[in-house]
Amino acid sequence: MANVVVVGSQWGDEGKGKIVDWLSERADVIVRYQGGHNAGHTLVIDGVSYKLSLLPSGLVRGKLSVIGNGVVVDPHHFVAEVEKLRGQGIDVTPDVLRVAENAPLILSIHRELDAMREGSNSGLKIGTTKRGIGPAYEDKVGRRAIRVIDLTEPETLRPKVERLLAHHNSLRRGMGLEEIAVETILTELTSVADQILPYIDQVWRVLDERRKAGARILFEGAQGALLDNDHGTYPFVTSSNTVAGQAAAGSGLGPTAIGYVLGITKAYTTRVGEGPFPTELNDEIGEFLGTKGHEFGVVTGRKRRCGWFDAVIVRQTVRTSGINGIALTKLDVLDGLEEIKICVAYELDGKRIDYLPSSMGAQARVKPIYETLPGWSETTAGARSWNDLPAQTVKYVRHIEELIGAPVAMLSTSPEREDTILVTDPFHD
């Protein structure tokens, strides 16, 4: 019985929510291991939509859900999201939700700094959600973060806040912002402490005990591997590691506990925010994909950029995340196109390459090299077996497998969880 890591294989928004929900019904424990409340997803269960951005998807199914130490937690958003779920009839208690005691907190100063940087008229715009994710990770690495466990120790909380503000107030002075008083941050923290502390735990211990007891653990990744701080399109990336290896570091469970890595892969490509996008389509096909695929961000509402499937970046992610198989999503969006293109390589300064360069300049200069396949006029929407798929659709899927070097384990043909074709069970050893 394998544990499963779910990772986005592109730039996020691949449809992880539906796949995670499908898998979470069979899992015993669901773990968030990186990111914050900057990447959202929607679950549709019995006609009811649940929009989550911080809490693990397993909560809506009553499964033990864990926020690992690799996540940055906005305590006020945490409380709001818990209350929203309760308002939809979901029972959220410490019996089903645990938060790592060593998870860093996002504070108001992080959100303000994030917004100020992104709104600046000078410098490089990354396209953040302005929710304080990046600045919170900066403080974690700088060893000045306030962590969840600090809320239990008033005697050490004040000096930690003082140290934090010594850094932030120097930044604020340089940006022409008013300095923040220690009491302001202390009040911000103490006002919410009683609502988050009942959920804290030694998550590494809880997960290890569950693993030894034979529980099936599902690691729920946020965003996509091409937004990874090391392996993504730097600097147009997020502030955490999003590749599958982070599941171990961000949960406290050793890497040998990771069994199967499932890469969620959209049948075309999208990206939100700034950064290179070799196969982007600024034409009627791009508009078609965006409109039919409802390509708008769950958290920000921002319109996503759309383009053809890029086998180069997915093949690279298969390697950097150790992907065993992919879940191919939104196949139905391609229905009706006369022809479909797949990027199989890039041209860089007159040379053919089979990888995405690390250099920002080179990433901007690469040109896609396409193969063109015939499309299909039949519908794939709602298909639940290979026999339901048009012959040309099957050829498209098989060609993707060949190009990326990984098999398709699951196929999604609509937002409904039942419209899923299972090829390989990720939980099966």
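Heads up, the Cβ atoms here are built off N, Cα and C, so glycines get one too.
What Swiss-Prot records for D13 is active site, proton acceptor, and it gives sequence analysis as the kind of evidence. Summarising the annotation, Swiss-Prot assigns active site, proton donor to H41 and lists sequence analysis as the type of evidence. Sequence annotations record features per position, and here Swiss-Prot assigns IMP binding site to D13, E14, G15, K16, N38, A39, G40, H41, T129, R143, Q223, T238, R302. The annotation Mg(2+) binding site is assigned in Swiss-Prot to D13, G40. The substrate binding site feature in Swiss-Prot is assigned to V298, V299, T300, G301, R302, K303, R304.
What Swiss-Prot annotates, mapped onto the structure for a quick look.
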{"residue": "D13", "record": "active site, proton acceptor", "Cβ neighbours (10 Å)": "27"}
{"residue": "G15", "record": "IMP binding site", "Cβ neighbours (10 Å)": "21"}
{"residue": "G40", "record": "IMP binding site", "Cβ neighbours (10 Å)": "17"}
{"residue": "H41", "record": "active site, proton donor", "Cβ neighbours (10 Å)": "23"}
{"residue": "T129", "record": "IMP binding site", "Cβ neighbours (10 Å)": "24"}
{"residue": "Q223", "record": "IMP binding site", "Cβ neighbours (10 Å)": "24"}
{"residue": "G301", "record": "substrate binding site", "Cβ neighbours (10 Å)": "7"}
{"residue": "R302", "record": "IMP binding site", "Cβ neighbours (10 Å)": "13"}
{"residue": "K303", "record": "substrate binding site", "Cβ neighbours (10 Å)": "12"}
{"residue": "R304", "record": "substrate binding site", "Cβ neighbours (10 Å)": "19"}
Tell me the Cα distance separating Q223 (IMP binding site) from G301 (substrate binding site), rounded to the nearest angstrom. 15
If you measure every Cα to Cα distance among D13, E14, G15, K16, N38, A39, G40, H41, T129, R143, Q223, T238, R302, the residues said to bind IMP, what is the biggest one in Å? 34
Between G40 (IMP binding site) and D13 (active site, proton acceptor), what is the CA-CA distance rounded to a whole number of Å? 9
Nearest to R304 (substrate binding site) in three-dimensional space, by Cα, is which of the recorded positions D13, N38, H41? D13
Could you measure between G15 (IMP binding site) and K303 (substrate binding site) for me? Cα positions, answer in whole angstrom. 16
Rounding to whole Å, the Cα atoms of N38 (IMP binding site) and D13 (active site, proton acceptor) are apart by 12
Just counting, how many other CB atoms are there within 10 A of the CB of N38 (IMP binding site)? 27
Candidates T129, Q223, K303 (binding-site residues); nearest Cα to the residue listed as 'active site, proton donor' turns out to be Q223
How long is the line from the C-alpha of R302 (IMP binding site) to the C-alpha of D13 (active site, proton acceptor), rounded to the nearest angstrom? 12
